[in-house]
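Now, the feature entries from Swiss-Prot:
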{"type": "ACT_SITE", "residues": "His9", "note": "active site, tele-phosphohistidine intermediate"}
{"type": "ACT_SITE", "residues": "Glu87", "note": "active site, proton donor/acceptor"}
{"type": "BINDING", "residues": "8-15, 21-22, Arg60, 87-90, Lys98, 114-115, 183-184", "note": "substrate binding site"}
{"type": "SITE", "residues": "His182", "note": "site 'Transition state stabilizer'"}
Amino acid sequence: MHQLVLLRHGESVWNKENLFTGWTDVELSPRGEEESRNAGLLLKEHGFVFDLAFTSLLKRAIKTLWIVLEQMDLMWIPEHKEWRLNERHYGALQGLNKAQTAQEYGDEQVKLWRRSYKVRPPALAEGDQRHPSFDPRYHSLSRDLLPDTECLQDTVERVLPFWQQQAVPALQQGKRILIAAHGNSLRGLIKYLDQIPDDDIVGLEIPTGSPLVYELDRDLKPVRRYYLETGKAG
């Protein structure tokens with residue numbers, strides 16, 4: 001049996017302020033730090049140990065991982081930062097208040113941008129300093145890999161090469177893996193693992209700071225999945 005734990009980062013300051021975040025690199029809120037500590041303690045209390053960890057290039061996920069590993073006394077294990085685990089890019093909506101955006105564009109339009117599988121929000125304008133091409137952490141990547149906006153389908157397609165090229169080989173070697181990432185990048189992994197239809201995955205809610213445990217068979221097919229806090233199926 002192979003062990004995989006997925007963890008959405010703790011609450012960020014922009015989660016708290018109800019702003020579209022995407023690839024904007026914001027801090028954890030005090031509540032998010034506490035959620036991360038609790039997740040680490042919970043994993044430790046239940047006897048979980050990891051050989052390898054993955055996270056995104058965004059500090060709310062990185063710090064969540066660090067806090068969890070510190071609580072588990074596992075700061076020494078290898079960790080890999082993968083841009084493909086970044087949150088969905090919300091384009092020109094990044095930094096805008098969700099409620100105010102709904103007032104300006106209408107609830108239905110914003111709902112489409114947020115919750116449809118294939119509809120992208122407005123893209124960043126050419127030359128917008130928020131574009132990842134201006135960020136040094138992405139300078140090693142080809143320009144055509146960097147999004148100016150994404151729908152959920154784009155995010156899923158971005159995440160799957162990470163799964164096939166990084167996670168699968170490690171799991172096949174018997175590594176126990178923790179992935180600390182974001183709501184939409186984790187949706188991509190969950191959609192693939194559980195074979196969830198396009199129309200259903202958009203409504204899947206993933207709580208912040210709650211470890212989602214997968215027990216996988218030799219073919220890496222889920223045998224059991226549950227949130228550690230409750231023991232109930234996710």
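Backbone N, Cα and C atoms are what each Cβ position is placed from, and that goes for glycine too.
With every protein chain in view, the residue among the recorded positions Lys98, His182 whose Cβ has the most Cβ partners within 10 Å turns out to be His182. His9 (active site, tele-phosphohistidine intermediate) is surrounded by 31 other CB atoms, counting those within 10 A of its CB over all protein chains shown.
If you take the Cα of Lys98 (substrate binding site) and the Cα of the residue listed as 'active site, proton donor/acceptor', they are about 16 angstrom apart, rounded to a whole number. Restricting the recorded positions Glu11, Trp14, His182, Gly183 to those with a CA within 10 Å of the CA of the residue listed as 'active site, proton donor/acceptor' leaves His182, Gly183, listed by sequence position. Within 10 Å of the C-beta of Gly22 (substrate binding site) there are 26 other C-beta atoms, taking all protein chains into account. Across the structure, His182 (site 'Transition state stabilizer') and Arg8 (substrate binding site) place their CA atoms 5 angstrom apart. The Cβ of Arg8 (substrate binding site) has Ala180, Ala181, His182, Gly183, Leu186, Ile206, Pro207, Thr208, Gly209, Ser210 as same-chain neighbours under 8 Å, each 6 or more residues away in sequence. Around Arg88 (substrate binding site), the same-chain residues at least 6 positions away in sequence with a Cβ under 8 Å from its Cβ are Gly22, Glu150, Cys151, Leu152, Asp154, Thr155, His182, Gly183, Asn184, Ser185.
Non-local neighbourhood of Glu11 (substrate binding site): Leu28, Ser29, Arg31, Gly32, Glu35, Thr208, Gly209, each in the same chain, at least six residues away, with C-beta under 8 Å from its C-beta.
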